[in-house]
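Novice: Annotations per TrEMBL:
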type     : residues : note
DOMAIN   : 104-279  : domain 'Amino acid permease/ SLC12A'
DOMAIN   : 393-520  : domain 'Amino acid permease/ SLC12A'
DOMAIN   : 623-741  : domain 'SLC12A transporter C-terminal'
DOMAIN   : 751-824  : domain 'SLC12A transporter C-terminal'
DOMAIN   : 917-985  : domain 'SLC12A transporter C-terminal'
TRANSMEM : 99-121   : transmembrane segment
TRANSMEM : 133-156  : transmembrane segment
TRANSMEM : 177-198  : transmembrane segment
TRANSMEM : 233-250  : transmembrane segment
TRANSMEM : 257-280  : transmembrane segment
TRANSMEM : 395-415  : transmembrane segment
TRANSMEM : 435-461  : transmembrane segment
TRANSMEM : 481-499  : transmembrane segment
TRANSMEM : 520-544  : transmembrane segment
Amino acid sequence: LQIETVQTYLIQHLWHIKSDGNPRESSPFINNTDDDKGTLYDGKNMALFEEEMDSNPMVSSLLNKLANYTNLTQGVREHEEADEDEGAKKKTVKSPQMGTFIGVYLPCLQNILGVILFLRMTWIVGTAGILESFIIVSMCCSCTMLTAISMSAIATNGVVPAGGSYYMISRSLGPEFGGAVGLCFYLGTTFAGAMYILGTIEILLTYIVPSAAIFKAEEKAQEADALLNNMRVYGTCCLTLMALVVFVGVKYVNKLALVFLACVVLSILAIYAGVIKTIFEPPVFPVCLLGNRTLQNHDFDKCMKTEIIDNVTVTTKLWSLFCEGPELNASCNEYFSLNNVTEIQGIPGLTSGVISENMWGSYGPAGMLVEKAVPSVPASVASQDKYMPYVANDITTFFTLLVGIYFPSVTGIMAGSNRSGDLRDAQRSIPIGTILAIATTTIIYLSCVVVFGACIEGVVLRDKFGDSVKGNLVIGTLSWPSPWVIVIGSFFSCCGAGLQSLTGAPRLLQAIARDGIVPFLQSLLFSVIRALSFLGMSLCLALMFISSWYYALVAMLIAGCIYKYIEYRGAEKEWGDGIRGLSLNAARYALIRLEEAPPHTKNWRPQLLVLLSLDSELSVKHPRLLSFTTQLKAGKGLTIVGSVLEGTYLTRESDAKRAEQSIKSAMAAEKTKGFCHVVVSSNLRDGFSHLIQSAGLGGMKHNSVLMAWPANWKQSNDPQSWRNFIETIRETTAAHQALLVAKNVDSFPHQERLAEGTIDVWWIVHDGGLLMLLPFLLQQHKVWRKCKMRIFTVAQLDDNSIQMKKDLQMFLYHLRLNAEVEVVEMLHVCSLSQCTPKLYLMALIYHCKHLLHYIKGLLNTASHAALNDNSDATPERVHMTWTKEKFCTERTRNREPNASVAVRDLFNMKPNQSNVRCMHTAVKLNEVVVNKSQGAHLVLLNMPGPPKSRGGDENYMEFLEVLTEGLNRVLLVRGGGREVITIYS
């Protein structure tokens, strides 16, 4: 019978043109006992992976979810949403829409350019001088820039969830640091709120409506106490009003934020416009000097002692301030009598040359008079000067005090990160927006230092409250078109910043309490009391870190106590004797801590168990496996190198020690840092199983297994070698451990650096991200450093490959992985019930080449059987996998008594659809991989799982062999059933 005839009959039978009887053979490829199985995946090319589709879905179905994440974490809600219309439906959470400019840059500007700029910056420049003020601004801005760079490193480490800076700190540095820093940050935000409220009241009572003061000083010495009492009363009222606004709804605060920000921007523009105007027409703000002393210009209108009215010399109001009466012969203050009164311009302008006078500082004790560097006649007695209307220092001034006063102005850099939940792309917007805001405000502050020093008279700069310019805000005297622009702008700026602090501080404390890291914070009562109490504290406590070293030590002690409380709460301390005892206790404590909970996804790294094979001389067969381990681990994390000897420990105890020494020598030669573990077992399979189950100690256990591919499994007469390999795969899967199988491991690089090339990742099914992590770790080693990563994924016919590529690029962007992306399209493979006979036969013959070999072998067997009709041998079932060697064996078999029966049985055989599709997957995928990645230095592939039935193990080995054929270095990877990478920071 000719082979073509057999093919024709076979085709007819396959497509049910004629069909009778049941197949007698038990071939896995031919028997179609699972016609209904896999219909869910009909038309898909990934039949090799379909058994695990539930746990490892196709990448194409997962990419959209991975790329289009939401950074609104559970539990992070605006509290007014819960109070919205009792019984009404919950609001639909909209996707974040804020960009870098609106969401980060402008809020940071609003918080940085605030109360200190408008109320204290001119005084700082006048007191410290231009040079030292330049140093103060540069030092503080450098500090915040470095902080922002550190924050940016965290923010760009993945997707930043809602929750702001506390979430970034706690999730990056752990709960101990997060709790300690978070509570200190909460205190700082609370103190900042108090500072902004005090600034608001100072502007209101000093520059807008001074007559609204409840407490008024009858004498000059009582002015400070009166101001403090007024601030207490009005500050409480202001705090109550702001608290009501926040209580009504945070959304109203956010709506007002743009108004407040506009006030800040307009105020700054008014300052620069005024500076330009001083070049041509300086504003008129006269300052009255008595000798060289600056006078408070409140209670007199003319800067002169006497004036001539109707040819009569009369005294002025200024005379009455220094003399006992308005008479010309009245007794007057000695200094007033000895010195003349002069009037100078408070704003001489940018071209006046006053910058040289303001270059150096003028520090002094409280009560020191503000004087100009001009000649004067001193008085013999100065005891009465404090009662005279001179401008004087209200506090003792020194450099570090000015640093402490200025520093809060640059601490608003967290405003953008606190809005992380509202940002469209937080990991991009936070670094760019924050750093640009710091750079912008640094330029503004430094330019203000120069501008103030170059335009404003020194005695006016040192006048903190503007007493010498008729009670005007000093920075307002420089603005255009009116000082009121600055006054109103600074008032609303302080109000807005205070509202933001009242909004942010309770949220921060609530986030800490919700995390449960500080147990006593979980009480709501404590939260309410503590927010309110700290708002009443003075501004000095917020500045202690810089202005006073001993206060800084106290604050550090508090933070340290909080850290230790969180770290050791409920922990029992046990101290041994000596250094070794401490080391053992620390190791025990660390192991116990590791075992408390599985590692977070951000901390997951491959902790390797390397399974080595030894030759008859107990030498390592594949030392390059250890080289690859070194390159992958770089000496970090856990590495356990294990091997198995067959026998009993009693008889092979010495061999076990020799083997252990041999492995340690190989590890030293390959620079592999780790532990060695040799097990003696009755068989290799049980030995490897014991290693997988029991290697490690406590929480310090491996989570990944690395082994070499059984290279000569086809030529081996003992099938136990590849069966042990498959059983190891099943063991790692059952143990939820990752598996790395290095094929052609002897060709892997040793210690020589590879030239420029690629590491190709073929991401077929989602394995938790291990395929992404491994090449990244390899690139950190000098051997693979020049290799670029390329990621390929497979699109089915009904997938949008263009969108898949965009989603994958977005996913890699979130992971901060630099890799080329390519989506490969594969043709469908049809099921038996769907394809035309021609298409199916092409696929069957193309992908199952061994089928024709088997047919020929079977026909030769039938022909040979016809010549041996006298044979009494009983028929034997044919069990085969489609290998060339098995076909040759079949040709030599002579057990079928009747050739026609054999041929008829062949016609009755149905192909196993599942195996046909699996082989199709292997061949087609291999064809694509070889076409794209044959020249790659390393190819990483998803490793399909072994069949559930052990009867198909040899077919499974064939599938893997075909899948990786033609590739130089291959790493087959199976995930451990958990996520190992995350897009979140």
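Each residue, glycine too, has its Cβ placed from N, Cα and C.
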Novice: What stretch in 104-279, 623-741, 751-824, 917-985 has the biggest tally of Cβ pairs under 8 Å against the domain 'Amino acid permease/ SLC12A' (393-520)?
Specialist: 104-279
Novice: So, by DSSP, how many helix, strand and coil residues make up the domain 'SLC12A transporter C-terminal' (917-985)?
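Specialist: Going through the domain 'SLC12A transporter C-terminal' (917-985) residue by residue, I get 31 helix, 11 strand, 27 coil.
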Novice: Considering only Cβ pairs within less than 8 angstroms, which of the stretches 104-279, 623-741, 917-985 has the most against the domain 'SLC12A transporter C-terminal' (751-824)?
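Specialist: The listed stretch sharing the most Cβ pairs with the domain 'SLC12A transporter C-terminal' (751-824) is 917-985.
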Novice: If I take every residue in the domain 'Amino acid permease/ SLC12A' (104-279) and average their pLDDT values, what number comes out?
Specialist: 83
Novice: Where among 99-121, 177-198, 233-250 do we find the most Cβ pairs under 8 Å to the transmembrane segment (257-280)?
Specialist: 99-121
Novice: Can you work out which residues elsewhere in the same chain, 6+ from the ends of the transmembrane segment (133-156), have a Cβ less than 8 Å from its Cβ atoms?
Specialist: 124-125, 165, 168-169, 172, 399, 402-403, 406-407, 409-411, 413-414, 417, 426-428, 430-431, 434-435, 438-439, 441-442, 445-446, 449-450, 453, 816, 985
Novice: With DSSP as the yardstick, break the domain 'SLC12A transporter C-terminal' (751-824) down into helix, strand and coil residue counts.
Specialist: 25 helix, 23 strand, 26 coil
Novice: Give residue numbers and ranges for long-range contacts of the transmembrane segment (99-121): same chain, 6 or more residues beyond its ends, CB-CB under 8 A.
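Specialist: Distal contacts: 195-196, 199, 202-203, 257, 260-261, 264-265, 267-268, 405-406, 408-413, 415-417, 419, 422-425, 428-430, 432-434, 436-438, 440-441, 444-445, 448-449, 452, 464, 473, 475, 486, 489-490, 493-494, 496-497, 500.
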Novice: So how many of the residues in the domain 'Amino acid permease/ SLC12A' (393-520) end up helix, strand or coil by DSSP?
Specialist: 98 helix, 1 strand, 29 coil
